[in-house]
Amino acid sequence: MSQKSHTHAQWSSRVAFLLAAVGSSVGLGNIWKFPYMTGESGGGAFVLVYLICIALIGLPILMSEWMLGRLGQKNPMSTMQQISGRLKRSPAWALVGLAGILGAYLILSFYSVIGGWALAYVKYAVTNTFGGLDNDSVGGLFGGLLESPTALLGWHSVFMIMTVGVVIGGVAGGLERAAKTLMPALGILLLVMVLYAATTPGFAEGASYLLMPDLSKLTGETVLAALGHAFFTLSLGMGIMMAYGSYLSDDVNIGRTAVVVAVMDTVIALMAGLAIFPIVFSNGLDAAAGPGLIFQTLPLAFGQMSGGWFFGILFFVLLVFAAWTSSISLLEPIVEWLEEKSPLSRTGATIAAGLATWALGIATVLSFNLWSGVHPLGVFAMFEGKTIFDLLDYLTSKIMLPLTGLATIIFVGWYMQRDELRTQLNMSSGAFSVWYAISRFITPIGVAAVFIFGLLH
Ligand code: PHE
Ligand code: NA
């Protein structure tokens, strides 16, 4: 990938683009967040709403972001500025790009802390800490990590340095090449975990918990969570996919590529769920354990299965890798923006952005220990008991991403010319009509309805 968006650089190949898009989308969202949200939201009903959100909301917005980026050929803010200018619309549309950059900053601040947990678990795996763990001691291991501000801060710092290191050097070299082997490896290892889970007594219960919707469990909160996660998991509403689209050549079929990315992302998330919930039920663990869910269930499995030491190392290394390819995609737009809007060089901008994100991450580190009792907006009923980490997660996933996504799809569906969209998407007229109708009506109404219903729940 080029370092400067305005040079009209392009991906070296379609595969390189696909890899970068999958690298950004497949991450902690799939393996850490999706299972714990499913567990907190009562299982299959959440999954069903999530799948509907991916298909009817995530997919059209993913296509829209790539298309806007390819038309604008600039950073997200300038792209929105330029296209809205050409269509004689308000320059305020550039704010959509700016909101995305802010969202990326807030998300990366806590994403890096969780990436640090994964790093800590690589160490535990290597030192064979999982061997012989039981239900209580897995909780103790995780709780011990969370209790220590210095340990969390140390791992968060290492993860941030890894992220900055890659972004300084440009993404093109090693990471892209490594992703080509490591991402498929992650898929295969998840399959191994699912097969292992299938041998545990709780498999049927776990699988049906994930896949059988109990609609009585649906609440406004659950639906809003599913919507927010659809944005988070596909890296939408942050200008990231728009920036990736700006390096895209005209012969890439946006619709087909978007379907591939969305399907791969979804399959990885479902496999993570299928690996985790059977272990939860087999061992009488709590499905609603929250952010610690995978860090408690999987070590238990690794401690019991044969070859568990090896698989444990492999799994957490691959998890770090998935998180890493996502975190560089979160840092990139902040750096690009800083570089263009300030006198800083690329290196200076990367270090400044990394430091600023690292500093905000300290608030998340402390949310799990010294500040676990600090609930800044606790006076409002909807924020009761929420730590700073909880609030950052809420603000980004449930408010900022849906609103930016809504603005994007309204812009594309209602302000852009039908013919231009048709040419860009290069679909058959039947498929295009379906896409156009969904993008104009179902997607925006869906986002708006879920958003309002979820906030009022
Ligand atoms: N999509 C990534 C994941 O699922 C997270 C992410 C969000 C990455 C936003 C980039 C931008 O883990
Ligand atoms: Na994802």
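Positions of Cβ are set from backbone N, Cα and C atoms, glycine also.
Counting only same-chain residues 6+ beyond the ends of the transmembrane segment (45-71), those with a CB under 8 A from a CB of the stretch are 34, 37-38, 79-80, 83, 210-211, 213-218, 222-223, 225-227, 229-231, 233-234, 236-237, 239, 241-248, 250, 254-255, 257-259, 261-262, 265-266, 270, 273, 405, 408-409, 411-412, 420-421, 424-425, 435, 438-439, 442-443, 446-447, 450. Annotated transmembrane segment per TrEMBL: 45-71 (among others), in sequence order.
Here the transmembrane segment (92-114) has long-range neighbours at 27-28, 32, 75-81, 83-84, 152, 155-156, 159-160, 163, 232, 237-240, 242, 291, 323, 326-327, 330-331, 333-334, 337, 353, 356-358, 360-361, 363-365, 389, 392-393, 395-396, 400-401, 403-404, 407-408, 411, meaning same-chain residues at least 6 beyond its ends whose C-beta is under 8 angstroms from one of its own. The transmembrane segment feature in TrEMBL is assigned to 92-114 (among others).
Positions annotated as transmembrane segment by TrEMBL: 153-175 (among others).
According to TrEMBL, the transmembrane segment annotation covers 182-203 (among others).
Positions annotated as transmembrane segment by TrEMBL: 223-245 (among others). Long-range contacts of the transmembrane segment (223-245) within the same chain: residues 5, 17, 20-21, 24-25, 29-30, 33-34, 37, 41, 46, 49-50, 53-54, 57-58, 61-62, 65-70, 72, 75-77, 79, 96-97, 100-101, 103-104, 107, 254, 261-262, 265, 269, 326, 329-330, 332-333, 336, 396-398, 400-405, 408, 446-447, 450-451, 453-455, 457, each at least 6 residues beyond the stretch ends and with a Cβ under 8 Å from a Cβ of the stretch.
For 257-281 (among others), the entry in TrEMBL reads transmembrane segment.
Positions annotated as transmembrane segment by TrEMBL: 309-331 (among others).
Sequence annotations record features per position, and here TrEMBL assigns transmembrane segment to 351-374 (among others). Proximity of distant same-chain residues to the transmembrane segment (351-374), defined by a Cβ-Cβ separation under 8 Å and at least 6 residues beyond the stretch ends, is recorded for 105-106, 108-110, 112-113, 146-149, 152-153, 156-157, 160-161, 163-164, 167-168, 331, 334-335, 338, 344, 387-390, 392.
For the transmembrane segment (394-416), same-chain residues at least 6 beyond its ends with a Cβ under 8 Å from one of its own Cβ atoms are 57, 60-61, 64-65, 67-68, 80, 83-84, 87, 89, 93, 96, 99-100, 102-103, 106-107, 224-225, 227-229, 231-232, 236-239, 383, 386, 436, 439-441, 443-444, 447-448, 450-451, 454. Sequence annotations record features per position, and here TrEMBL assigns transmembrane segment to 394-416 (among others).
Per TrEMBL, transmembrane segment is recorded for 437-456 (among others). For the transmembrane segment (437-456), same-chain residues at least 6 beyond its ends with a Cβ under 8 Å from one of its own Cβ atoms are 53, 56-57, 60-61, 64, 220-221, 223-225, 227, 382, 398, 402-403, 405-406, 409-410, 412-414.
Long-range contacts of the transmembrane segment (182-203) within the same chain, counting only residues at least 6 positions beyond its ends with a Cβ under 8 Å from a Cβ of the stretch, are 19, 22-23, 26, 31, 267-268, 271-272, 274-283, 298, 301, 305, 311, 314-315, 318-319, 321-322, 325.
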